[in-house]
There are 2 protein chains.
Amino acid sequence: MTEVEAKKPQESLQDRLAQVVELLHKQKLVEDLAHRQEGHHRDLVEHLVHRQNLAELQRKLDELHSADVAHILEALPLEDRLTIWQLVKAERDGDILLEVSDAVRETLLADMEDHEILAAAMEMDADELADLASELPRDIVHELMETLDAQQRERVRSALSYEEEQVGALMDFEMVTIREDVSLEVVLRYLRRLKELPGHTDKLFVVDHEGVLKGVLPVKRLLVNDPEKIVREVMATDPVSFHPDEDAYDAAQAFERYDLISAPVVDKNDKLIGRLTIDEMVDLIREESESEVLNMAGLREEEDIFASVWKSLRNRWAWLAINLITAFMASRVIGLFEGSIEKLVALAALMPIVAGIGGNSGNQTITMIVRAMALDQVSTGNTSRLLRKELAVSLINGLVWGGVIGLVAWVLYDSYSLGIVMTAAMTLNLLLAALMGVLIPMTLARMGRDPALGASVMITAVTDSGGFFIFLGLASVFLI
Amino acid sequence: MTEVEAKKPQESLQDRLAQVVELLHKQKLVEDLAHRQEGHHRDLVEHLVHRQNLAELQRKLDELHSADVAHILEALPLEDRLTIWQLVKAERDGDILLEVSDAVRETLLADMEDHEILAAAMEMDADELADLASELPRDIVHELMETLDAQQRERVRSALSYEEEQVGALMDFEMVTIREDVSLEVVLRYLRRLKELPGHTDKLFVVDHEGVLKGVLPVKRLLVNDPEKIVREVMATDPVSFHPDEDAYDAAQAFERYDLISAPVVDKNDKLIGRLTIDEMVDLIREESESEVLNMAGLREEEDIFASVWKSLRNRWAWLAINLITAFMASRVIGLFEGSIEKLVALAALMPIVAGIGGNSGNQTITMIVRAMALDQVSTGNTSRLLRKELAVSLINGLVWGGVIGLVAWVLYDSYSLGIVMTAAMTLNLLLAALMGVLIPMTLARMGRDPALGASVMITAVTDSGGFFIFLGLASVFLI
C-alpha cells in the first residue's frame, strides 16, 4: 500500500474521538428534526445544516491518518461506526481495512458492496491481499485473482499456502535487491532511479543471478562508506534470515532480541523469496500477549467490545459451560460430606476459604509459568526444579496463612481441633495448587497446545474440588 | 553501546541453551571428581580437563550475540547463571546487563566487584546509564558521574529527572542533525565523514542554528532524490514528535500505529533534545502486556522464575493476604445463614456453583474491559453502553445456564422450588458479576490506577460473597 508520512496528531486520540462523536450526534439531532417536521422551507434549512455537519465531519476524517480512522472506528458502536465508514474516502478503504481488528473488519466488510470491496482490494499488495483473502467473499477473491498479473497471483498463492502463524504468511515482497560485484556508487544511482523505496528499508538484499542471498547491505553502511567500494567488501555476510515455514512468533522474538527492522526470508536453497519487517512483528507480539490474556480468562477470541450480545455469548459460552461442569463436580464433592456438614455446619462456612486461597495461589503460579514459557525461559525440561520451588513457596504460605486462618477458626468456633484441620487443609490445598499450576501448562505444552488455554479455569476447578475434598475429608475423619 | 550486526543463529535458542547446560555439568562433574581425589598427578589431569571444558564453554559464549547470552542467563538457575556470568568477556558485561530482565540483573550485579560494574558502566551511553542508575550502588553512580564530560553528565541528569513511564526516560541522544539549507550531496558527504551512524537511523533531524526542529529527512528520500536538491525541498515538515513528559506507552502506541522506526523528542520550544527508537518501544509494549497479565493475577512484579523462595513469597504475599480477607468475608456471609444450611444441607453443596460461575463470568467481562482500556478503545465515557451490553449477556447466560443447573438441582434434591431459587440466584449473581466487571476497572481508571490491578482477585471477592448472600438469602426466604 502506498506509504503516508505520518503527520503529528494535533490532539490526543481521545480528543479526536470525542470530536467525531460530537459531530455525529449534532448530525443525528438534525435528522430527527427532519423526520418530525414538514414544509419545504424547513426541509431546505435542515438539509443545509445536515450537509454542513457531514462536510465538517468529512473534513475531520480526511485530516486523520488511516490508522487513526481505524482506531476511531474500533472505538465506536456499530451504528456510529458505519456512519463514519460511509464518510471515509473510497481510496482509503483498503488502508483502513488492513488496520482494524478482525472483529471490526467483519462489520465493515458486511456493510460494503462487492464492487467497493473489489476496488479497495485492488490497491493492496500481494501479502496484504493474502491476509484478507480468508475474510473476503469467495467470488470476490476469484475476481481479484483474475485482475492480478502472474507474479502477483503467484505471491498471493504462496502466502496463502502458509499457516497464519508461519513466517511465510507474514512476509512481504517489496525488496530492493542488488549484486555483490558493483560499487556503492552504482547502488546509489540505482536507488535514485527507483524514485521510491519500500517502507522499512534499512538494508538492501545482495543476491546472485540465481536470486540466492549472498548477504545484506545495511543502508547505514551504504551511507558512510566510500562510493568507490564494492558491495562485497561492505555487505554483512550471513545475516539473521528466516525460512517461510518457521514459527512467526520465534521470528518476532528474534526481531526483538537483535533489534531488527527488516530481515530476508529464504527458501531451503537460500533463494531470497521475501522479507519480514518490524511493523508486522510488533503487531504479532501484541496479538500474542492479547491471546494469552484472553486464553487464561477462557475467552475464545478478541472481542469487538461493541459486538452484538449474541456474538459475545458465542465467544464466552465454551468456557462457561466447562466451568459449569467443574463447578458441578465440586458441588458433588461437597455432596459426599453432607452428613458431616449437617453435624458441624461451621464446615460449610469455612470450606470456601480453603478453596478460594488455593485458587488464588494456583493462578499466581500458573501465570508465572505461562509467562516464562512464552518467553522461552522454561522448557518442559526444568519442570522438576520449578516444581520444588513452587511447592516450597506453597508450603510456607500454607503454614503461615493457614495458621492465621486456623487461629481465627479456633477463636470463632471455639474448637482448636477445627483450627488445626483448617490449617492442614489450607497447606495441602496450596501444595495441590502449586503442583497443578506447574503441571497443567507444562502438560498442555507437551501436548502441543497453548499453555495458557483456559489455564485459570482449570486450576480453579482443581483447587475447588480438591480444597473441598481435603477440608471436608479431614474434618470427617478427625472432627465428626 | 557499539552495535553488533546480528549473526544468523546456527541453532535454535533452546538447542544452544541445552549445549551450554551440558558443558556446565561436564565441568561440575570434573570439579566433584577433584574434591574426592588426591595426588598431584590426578589433580593435574583434572586441572587440564577442567580448563579444557571451561575453554569450550567460553568459546560457545563468545560466538553468541549478547542478547542470546542474556537469554541463556535468564533461563538458568542462579548457581549456573553465575558460572556463565564469570566466563563472559568483561567488555560484554555492559551489553548483557542492559539486555537481561531487572530481576536477573539484580542477581548479576550482586555478583560483581565494584570496579567491574564501573568498567561495564563506563561503556554505556547516557540514556543506558540512566536506565541502570537506580539499580547501581550509590557510590558507583557518583564515581561514574565524575568520569563523564559535562554534556554526558547533563544528559544522564535529564534522563534521571523523568519518571520511568515518561518519554524522557526512554529517549536516547544519538541523533544525526543537519541544516535545511544544504544540498543532499552535502548531507551525503557529511554522513561519510561520520564513519558510523547510530542504530535505527531511518531519518535525519533537520534543525536550525538554535537546535529547533524544522523537519526530518527520511533516509529513503535522501537516497532516491537528486543530490542537487536542497534538504528543505525534500524533508518532511511537522513529523510525529514527542515531548519528554509525555506518557511513554502512548508514544509506543503511536510508533505501532504510524509504523515509526525513530522519532524526535522536542521540548516546549520545539528544540530537539533526543529521539525515541522502535526497539525501546517494542520492549515497552512487551512489558506493558506482561504487567497487565501479572496484575490481573495479583503478582507484584515480573519474577525471575528461579528467584529464591523468599523473593517469590514477597512478590505474592500482598495479594494472597487481600484474598485471605475477602475469602474470610465470604465465609462470614455463609456464617449468617448457618441456620438455613443446618435445615437444608443441600444449600452447602449448591452455593459454590453460584459463586464459581459468577467468578468465571466476571473474569471474562473484566478481562475484556481491561484489554479495551489498554487499547484506548473505551473511555470512562461509554461506561453505560458497555454496562447494558454486559448485563444483557449475563442475563441470558444466567437464564440459560442457571436454568440448566436449576433443573439438575431439582432432579438431584427432588425440590422444584430449590431449582427455581438456584436459577434466580445464578442469574442475579451473573448480573452482579457483569456490573462489577465493568465498574471495577472503570473506577480504578478514574482513580488514575492501573485498571488491571488485582482485577481478578477483586471480581472474585464480589462474586463469592455476593453469590453466597444472594443464594442463601433467597433460600432462607423461600425454602426455609
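In case you wondered, yes, glycine gets a Cβ from its N, Cα and C as well.
Looking at A:63-84, A:129-150, A:349-370, the range tied to transmembrane segment in TrEMBL is A:349-370. Residues 350, 353-355, 357-359, 361-366, 369, 383, 386-387, 390-391, 393-395, 397-399, 401-403, 405-410, 451, 455, 458-459, 462-463, 466-467, 470-471, 474-475, 478-479 of the same chain sit 6 or more residues outside the transmembrane segment (A:419-440) yet have a Cβ under 8 Å from a Cβ within it. Below 8 angstroms of C-beta separation, residues 298-300, 347, 351, 355, 454, 457-458, 460-461, 464-465, 468-469, 472-473, 475-476 of the same chain, each at least six residues beyond the ends of the transmembrane segment (A:317-337), sit close to that stretch. Taking the domain 'CBS' (A:235-291) as a whole, pLDDT averages 90 in the prediction. In terms of DSSP helix, strand and coil, the domain 'CBS' (A:235-291) has 25 helix, 16 strand, 16 coil.
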